[in-house]
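J.: Below are the structure tokens for one structure; questions will follow.
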């Protein structure tokens, strides 16, 4: 990878070494924030509580693929910290307030044996100190649903421990549902008892089994006719009819009947699309991107089998905020029956504008079961999945694919003409293969070729877009629109830059304000109690593991920054800009402490992605 070229002549900036950089960041933190941090015992804990990264994994040969290619020594580096520790959110709450106290006028069913606090004064004395003076939930909605458990409780608690309400705000928000697509208890119960009816799915799956039977009958009929000819001899039996009548060629009308109602139409063209991002593409992050100009948002990848089982954690990935005006969900699966039923379930129980099939996921867990990228090599199953989902959906069906599985064996150009006939409304192409991952640049020449094959169906291009110049070059290839993934994690204001056709030399203060918005949205989504605060912090740290790669425009000798460029260690124009440039986990924790208060004593964090392609 190249190295970013930084200016050397500025009096406020100089390229430095790793040791000097971290020495400066540590000394400044101790000087400006250290007094307060020492009092709380967090200045050193911020680094001490972060889990040390495990040793860099050795190159592991992928035996299956290596043997297939005839190269047993071929090696591949895996890019995730798979053995990282997983903390349950409950571990951060040593002892909580009993639910019977929170829900007033209710007797605790456990009596004296109850483990939780019943004395409010005792609980308030043992509770961690409040993070701030004002509660975002109380200021926005007029009341805080977390009451005394809120980490900003002083803002809405009376001296006698009663929770206050702002009646004007409560009335103004009455009847509004800011987040949709939640899983109801009734639906969850019916899914677990297998009592949900999938009528349209049953119709489609019946046609599949009928077609399979017809083919078997045709095969049996032909073999019986050949046997009769052999037994009758060269002249005998020439006037006899075959025992089974032929049924003719299989047409689309046999498989899928025309729908009585017309599908909802969505205009995807010339829009900016935020990619569905596992872990980081959560609802609070999507809200941040909506504020900064993105047009299309999509939920994180959800496993169809988990949705059909009514798993609460999987259904949380389908949630939609009221600000997301063009929103879709992405599902992953490898069989026509489960994917078709899942599509019908989503169609009948959620509000979405489109449903996307993930056939580009490269991870082993998904691929080896035949899902994700594996669907591209199982074209018959892929066709049945697309046709089945299209049959049961009232909204457009889209597909996200890669160039192929092997690095030098592209296959998207063969699939795209077929998918047009299967019922797809839009295709997104990531310009890399599964084998390639992120080790090389995306192939935009190949995306150009595929966009011509896709017409009239819109094809979105995806890969390596980090500036408005990259976006302009991508649009010149003839794609209908562009999808942005890592670029949005590194600099979510990229959507503003593209729409305004400019480079935004955003200040460190403005970047901190974006993080503050995320923390507020996170507290609204995950909760303002200790569990919610720490969950918000964890997702913020995951995001900061990407955001730290951004190099301020004002420090670059050559604009724009490229996504595969690694900067040398450098000092920013102020302390906060230098802190945000650090790739040390402990420094990310310090940034989170500015917004979410000190970390708990037992807190630890290791980022999900090692980002080997960047190092």
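Numbering starts at 1 and runs along the chain as it is shown here.
Keep in mind that glycine also has a Cβ here, set from the backbone N, Cα and C atoms.
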J.: In TrEMBL, which of the ranges 30-49, 110-129 has the region 'Disordered' annotation?
T.: 30-49
J.: Which of these ranges is annotated region 'Disordered' in TrEMBL: 209-248, 249-288?
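T.: Among 209-248, 249-288, the range TrEMBL annotates as region 'Disordered' is 209-248.
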J.: If you check TrEMBL, which stretch out of 134-159, 160-185 is marked zinc finger?
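T.: Result: 134-159 is the stretch TrEMBL calls zinc finger.
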